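Data first, discussion second: the structure below is written as structure tokens.
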Amino acid sequence: MFGLESKSPKILVIGDLMIDHYVWGSCERISPEAPVQVVDVKDENNRLGGACNVVHNLIALNAQVFVCGVVGNDEAGFWLGEKLESMGVDISYLFVDTSRPTTKKTRVIIANQQVLRVDRESKTPIDSHIHNNIVQHLHAVLDEVDCIIISDYGKGLLNDELTHFVIDYAKSKSKLVLCDPKGKDYSKYTGATLLTPNKKEAELATGITICDKDSLIKAGMTLKTQCQLDISLITLSEDGIGIFDNNQIHIIPTRAKEVYDVTGAGDTVIAALSFALSSGCDIFQACEFANVAAAVVVGKVGSAVATHSEILQYIHTQPSNLQQYIESKIISQESLFTLLKDLKQSKIVFTNGCFDILHIGHLSYLNKARDLGDILIVGLNDDDSIKRLKGKERPINTLHNRALMLAGLECVDYVVSFCQDTPLELIKAIKPDVLVKGGDYHNKEVVGKEYAKEVVLIDFIEGHSTSNIIESIQRSKICKHS
């Protein structure tokens, strides 16, 4: 469905690195020293937490990951660095701050119930020496990566100055910047590509109580305007992800079947979004991918990750609303032009036609066209333009039915109709990387070729055409009545 298994984008995660330390035990007595439980420890282990969990999710998706953060000069910091490096993470931008401990959260669990949490951390902002050292070294990796994730847990690393520097420099290089925000003042995230607040965080940041669709749209648009975001979205828990534009909301519904534990789901969402966007997906496809990844994760216990194989298996075993997905691929020209702003890193393939009676020749042609890039857009003649081109008896199938048939093909990403006799104006607006036409255009002028980077002609399968099918049906009728 997504075709991202072979992708391996370079992604930098800058944020608050943590260790989640779990202690499992039993309790059968009270301490004689004080009225408290005595825990007999049976097992304990360390897991990656905070921004490290984002890293873990990216590694599971086969991204090339760089991490920038601060650890203390302690055993926990050594373990964290060694663990990340063993996973293939580039830790060249991991800095040691002797004035602070490595953030470590210890959870004591008895009979599957958390009874105590102990935090070792410092929320003090990093000192100027560490700050300057980070800025000095970050230029090189910011130039190299496709995307930056800012994972802010409010532990002192991401002060206003450092956050502004990362966003401003990255945007000057046309890099994607995704932020998992913290607190109620989002001004330091101004200029980011997108933020991933949940509904409660969006309320806190905007001062808007979200109680219905209108207030949700107001909050989403407020975030977009105030933070000058390219894309505004709010994660909606069991309702999915809301994307906001032009005072409207588009909700990508959740894919979760069963929820066992929501721990780390937000980290999975931002990791999956960054992976998909960096790999050429548009925001709608990226949110769909993130929803599936999150559905896999919440079906597990504890902080977990989702691999490509798990995502594919989940899709194939879920009775999803296929009709809704198909219909979402049929879009207006206005919506398409908005989408194209988010597809700058994708190789766009465009073709067009009437596609009146879909047949094996069409399927072969469209599959070959899709293989030429990342996104295949099919321009579809409306009914009136077909009548002008083919005669008053055509089309056989209406525009709506033809569009649904095309959208039902896995190789087709978007279907957009046009009313003119040729798709010239549409091609001029899209400016595709690849313009595809049928092999019968060898001796014809390809309309709109001057607006495409490349023109590719694909031969049709001999003997397979809509005209042949119609003629065959007509001959059959004549024979039947003679």
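Glycine is no exception: its Cβ is also placed from the backbone N, Cα and C atoms.
According to Swiss-Prot, the protein carries these features:
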ACT_SITE  ASP267  active site
BINDING   ASN198, LYS199, LYS200, GLU201  ATP binding site
REGION    1-322  region 'Ribokinase'
REGION    350-482  region 'Cytidylyltransferase'
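ASN198 (ATP binding site) carries a strand DSSP state (E or B).
Rounded to a whole number, the distance between the Cα atoms of the residue listed as 'active site' and LYS200 (ATP binding site) is 16 Å. For the pair ASN198 (ATP binding site) and the residue listed as 'active site', the C-alpha distance works out to 12 angstrom. Other residues of the same chain near the ATP site, with their Cβ within 8 Å of the Cβ centroid of ASN198, LYS199, LYS200, GLU201, are PRO197, ALA202, GLU203, LEU204, ILE234, THR235.
All protein chains considered, the CB of LYS199 (ATP binding site) has 16 other CB atoms within 10 Å.
Ranking the recorded positions GLU201, ASP267 by C-beta neighbours within 10 Å puts ASP267 at the top. Rounded to a whole value, the Cα-Cα separation of GLU201 (ATP binding site) and ASP267 (active site) is 15 Å.
Take the binding-site residues ASN198, LYS200: by the count of other Cβ atoms within 10 Å of each Cβ, the lowest one is LYS200. ASP267 (active site) falls within a helical segment according to DSSP. Taking only the Cα positions, the spacing between ASP267 (active site) and LYS199 (ATP binding site) is 16 angstrom.
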